[in-house]
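Going by TrEMBL, these are the annotated features:
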COMPBIAS  160-182  compositional bias 'Basic and acidic residues'
DOMAIN    14-116  domain 'Groucho/TLE N-terminal Q-rich'
REGION    159-182  region 'Disordered'
Amino acid sequence: PFVSSFLLSYHCAHFKDEESEAEMIEDLKLECDKLASEKSEMQRHYVMYYEMSYGLNIEMHKQAEIVKRLNGICAQVLPYLSQEHQQQVLGAIERAKQVTAPELNSIIRQQLQAHQLSQLQALALPLTPLPVGLQPPSLPAVSAGTGLLSLSALGSQAHLSKEDKNGHDGDTHQEDDGEKSD
């Protein structure tokens, strides 16, 4: 009787140990699956950020090449301008070179708001009838990979258009003067 009681308690303890080990193994498997899922998610994010970084790097090099070519064009055209126009162009070029981070942030923010507003308006247009003959505006297709590049391009266009406006305001009056003197 004592031996069978001892064996019974031994086997019960052994079964409890095996059951707790099985539960521990199951918990470890779940934890392993969770970590594998997190790992794949992190890898997906890494690839996405790498692609964005690569795209932005390409865009930076492209913009640098554009700037280099535009500087070359300015250098070639500058001697043909009158002394007064040369000074104005050189001043505009120097102002363009003095762009600050807050200005860039402001330009990007404005372009982002305008882009979001145009998207909201495009979404709202089908809900309201359009006047006869008026076509709804179309949005350019923007994929996830080109979103930041598009935003970057929008920011540079906004900055250039701002500079163009500033430069053209002064240039239009001087062109009129230049035409009168010729």
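Each residue, glycine too, has its Cβ placed from N, Cα and C.
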Per-state residue totals over the domain 'Groucho/TLE N-terminal Q-rich' (14-116) - DSSP helix, strand, coil: 98 helix, 0 strand, 5 coil
For the domain 'Groucho/TLE N-terminal Q-rich' (14-116), mean pLDDT (0 to 100): 93
